[in-house]
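J.: What TrEMBL records for this protein is below:
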BINDING   A:Cys102, A:Cys107, A:Cys143, A:Cys147  [2Fe-2S] cluster binding site
COMPBIAS  A:231-240  compositional bias 'Low complexity'
REGION    A:1-20  region 'Disordered'
REGION    A:202-247  region 'Disordered'
Amino acid sequence: MSGHFESHFPESGSVDYSDQSTNIDETTIAELRELASRYPQPRSALLPMLHLVQSVDGRVSPRGIEVCADVLGITTAQVSGVATFYTMYKRRPAGHHHLGVCTTALCAVMGGDILLDRAKAKLGIDEGQTTPCGKVSLERLECNAACDFAPVAMVNWEFFDNMDPAKMDELIDKLMNGEEVVSPRGATLTSWKEAERVLAGFPDGRADEGPSAGPASLLGRELARDNNWNAPSADATPAAPEEEAAK
Amino acid sequence: MTDMLTPVLSAQWGEDKSWKLARYEATGGYRAIRKAFDMKPEDLVSLVKDANLRGRGGAGFPTGMKWSFVPQDNPNPKYLVVNADESEPGTCKDIPLMMANPHVLVEGIIISSYAINCHTAFIYCRGEVLHVIRRLQQAVREAYAAGYLGKNILGTGYDLDIIVHAGAGAYICGEETALLDSLEGRRGQPRLRPPFPAVAGLYASPTVVNNVESIASVPAIVDNGAAWFQSMGTEKSKGFTLYSVSGHVKRPGQFEAPMGITLRQLIDLGGGMRDGHELKFFTPGGSSTPILTAEGLDIPLDYEGMAAAGTMLGTKALQVFDDTTSVVRTTLRFVEFYKHESCGKCTPCREGSWWLVQLLMKFEAGQAEEGDVDKLLDICDNIGGRSFCALADGAVACVTSAVKHFREEFEQGYHTPAWELFPYEKSALFAVEGDPR
């Protein structure tokens, strides 16, 4: 060991200023202003605003940094300082679909490492890259709060639970072929950009799609029902003095 | 004697359209806010104190006490921020809660906000859970339309707005002061305390930051009383709570039980361990809580039981690993997580987590040198307790506890790769080509 650190984020230094392209127009700027107006102090809207920038430009673009700074009356350095801190903000264009495979300890052990290798091989790209056709980008995920469904993946931040190699192959084929894909615990997939728009705070009307919960979430509740286990009835316990006072 | 499981928050999960307002109201939803509005705010604080509801986000601080720290004579607005940045490895309870029953959180926010005299509340939800954010956005919209939010709620003269806010991928924002910086549109880095958020939180104003499950537990307490809540649980750890079991059990999942259930009971409920395998170690409350071995199977999973065992209840996230698992491999992966998520503010954490990963990679590859176990512990000694927030402590807890229980396995890393000692494909849930099983 030479003692020299190798950066874990070799490309994370800054926003990519070599690519000045943008789709941001007056409509976007008006929406950014609207986001800023939703908060007691406008700067609180910066994270949602950067999500909106990504929904338009497919990444945090130099123009996006400028307009956020302009709307909030802060410097571009302040905006890019925030944009480069959070992993959901991409400095290079993400794919039409963005695929993530969890490799934090539990998912890794239960098959996540194998699944990530499989996805890399099938897509022909490394983590952090996008396929040349622009259809799919790939990310190594840190824990996505779905450990009871391990090993897990996600596409456009929709859950794909209890993954295995066959399911991973099928998912990637469908994404690459532009077929319709439904999250087992979410909605029909749109695109990563459209997902970013929802995260910014502009709903897409899909909240009622998908189930109430996945099977693992329901396990305890179902066992309780089968065994007639319940929380105690309120009548069985004496009322607290505060309640008496309220009556 | 209470039942083995006591679904309250999860009682309606899985029901048709359980996330909709109409369904929530049909099962008693928004009844508690009417009771609450008949009470004085300070009496609500006392009620939650009397119930002894302790924060469900990991630290276990009494929720009512947190509320009582808000200085009501401070002229600034008061804020309630719900910490929905669920990211601790192993923790997966708030996400299904918000997806299946977002209205119980909204109702809890209304009551809690009224109790602390707050008129603007935030739900800071991690960004990586699109469908959960959709359901939260819709629930808040429905609550406005029904007159539960906005101006003059139910004719009481009380006003409240809720803002659903998506984060952008940073575990550190689950730390309450980092969350507040993030919510102010900054890099999510912890603040030095004091002042605590109750005095100077969001926009330097009095702020309460509570976990999703804590706030969602409030309507049931208001509806049924403190004594009812106290009738569940152990001597000092009261009430119902969500236990999340993941890993090498036959059926992982969420179990809402009285405080103090044991892992043995939870594993039995999940149908036992994988066939032909035994428990090797587990985290009681996420990866930041020191691991336990089979000796911990019968210790009550409550605050006191876990503290006595030298660990913490944390988020009650039980990650269960069986005898196929290399503890060196999992420790490395846990520490890689902390390295990735360290915000970079404090040198011991920022640099130390990198050193730990480098050294643990040598252990995994069987290339560590004689004495490196002590070096590992020495590095941990220089990280833990030497940073602003608890991330650093979590990063070393998984290392020191793993060495404590499995020192010989680390010493094998002086000569043999972990993947030879514990072929990795055997830990996976699915068969891999070339793996005879």
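In case you wondered, yes, glycine gets a Cβ from its N, Cα and C as well.
It should be emphasised that the depicted structure is a prediction, and the values quoted were computed from it without experimental measurement.
Help me picture where these features are in the structure shown.
T.: The Cβ of A:Cys107 ([2Fe-2S] cluster binding site) lies under 8 Å from the Cβ of A:Val101, A:Cys143, A:Cys147, A:Ala150, A:Pro151, A:Val152, each on the same chain and at least six residues away in sequence.
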J.: Which of these binding-site residues, A:Cys102, A:Cys107, A:Cys143, A:Cys147, are close to chain B by Cβ (under 8 Å)?
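T.: Near chain B: A:Cys143, A:Cys147.
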J.: Helix, strand or coil by DSSP: which one applies to A:Cys102 ([2Fe-2S] cluster binding site)?
T.: strand
